[in-house]
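Written below as structure tokens is the structure these notes are about.
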Amino acid sequence: MLKIGNHVFKSRLFLGTGKFPDLEVQQQAVEASGTEVLTFAVRRLNLENPDAPNFLERLDLKKFTLLPNTAGAATAEEAVRIARLAKASGLCDMIKVEVIGDSRTLLPDPIETLKATEILVREGFTVLPYTSDDPILARHLQEVGAHAVMPGASPIGSGLGLLNPHYIKFIIEEAKVPVIVDAGVGSPADAAAAMELGADGVLLNTAVAGAKDPVLMAEAMKLAIEAGRKGYLAGRIAKKRYASASSPLEGMVD
Ligand SMILES: CC(=O)[C@@H](O)[C@H](O)COP(=O)(O)O
């Protein structure tokens, strides 16, 4: 079980809801993924009229924990404003802090992310900041009360997979809260690799929504995350430079 703040989840896959070819495919992919947590940009919703047609309308939102995100924010102030709006509309107490510092790479702004996290924790949100793979920043985010840290595998939407598994492992080793690898996952192998490192979960969107068959890919991601988790718990063998026979001959009679 994965525990974040007061929330407990069986599934370790957090799924983004954007970029699907249509709402029917989105609905089927969400189902196939087995996810319990859906994330979406608050800015894409009409909060004054939540019943107006929107990109979540095919989903039975009562079945999921919603993780609205502050996408579109470039400063802590903007992220805090978006989070407050989401809370006031009754969307959820959880918020993914996403403060982008650069429009080409979409990398998070570390200083503004830290500021927003601190303010929102103080205001009683369950805060999951999207961060870089910097272990020191991950430590500071926890010091100000983040309920999970979400280091990027690689730039959002890039599908490049884990660019710096070494640093992500540092974050995991030191973390006192769950580590959810977020963004840049391109294939089930990437998701499994993140879980085998010891991540507590994976948040992804583009790899499923942009796949040739998003529903099949959603299922593949679900299975990869489960396999990666089991592989991590089982404890992999050490890597050796040379062969070691799988059927040792020692002790065998001629
Ligand atoms: C949906 C969402 O929150 C994205 O900002 C997230 O980081 C996913 O990234 P990918 O689309 O690369 O999976």
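Backbone N, Cα and C atoms are what each Cβ position is placed from, and that goes for glycine too.
The active site, schiff-base intermediate with DXP annotation in TrEMBL covers LYS96. For LYS96 (active site, schiff-base intermediate with DXP), the Cβ neighbour count at a 10 Å cut-off comes to 27, with all displayed protein chains included.
Among the features that TrEMBL reports, 1-deoxy-D-xylulose 5-phosphate binding site is placed at GLY157, ALA183, GLY184, ASN205, THR206. ALA183 (1-deoxy-D-xylulose 5-phosphate binding site) carries neither a helix nor a strand DSSP state and counts as coil. If you draw a 10 Å sphere around the CB of ALA183 (1-deoxy-D-xylulose 5-phosphate binding site), it holds 26 other CB atoms from the protein chains shown.
Residues annotated as domain 'Thiazole synthase ThiG' in TrEMBL: 3-248.
A C-beta separation below 8 Å, combined with a sequence spacing of at least six in one chain, links GLY184 (1-deoxy-D-xylulose 5-phosphate binding site) to GLY152, ALA153, SER154, PRO155, ILE156, GLY157, SER158, GLY159, LEU160, GLY161, LEU162, LEU163, ASP190.
In this view, GLY157 (1-deoxy-D-xylulose 5-phosphate binding site) is surrounded by 18 other Cβ atoms within 10 Å of its Cβ, with every protein chain counted.
Distance between Cα atoms for THR206 (1-deoxy-D-xylulose 5-phosphate binding site) and LYS96 (active site, schiff-base intermediate with DXP): 17 Å, as a whole number.
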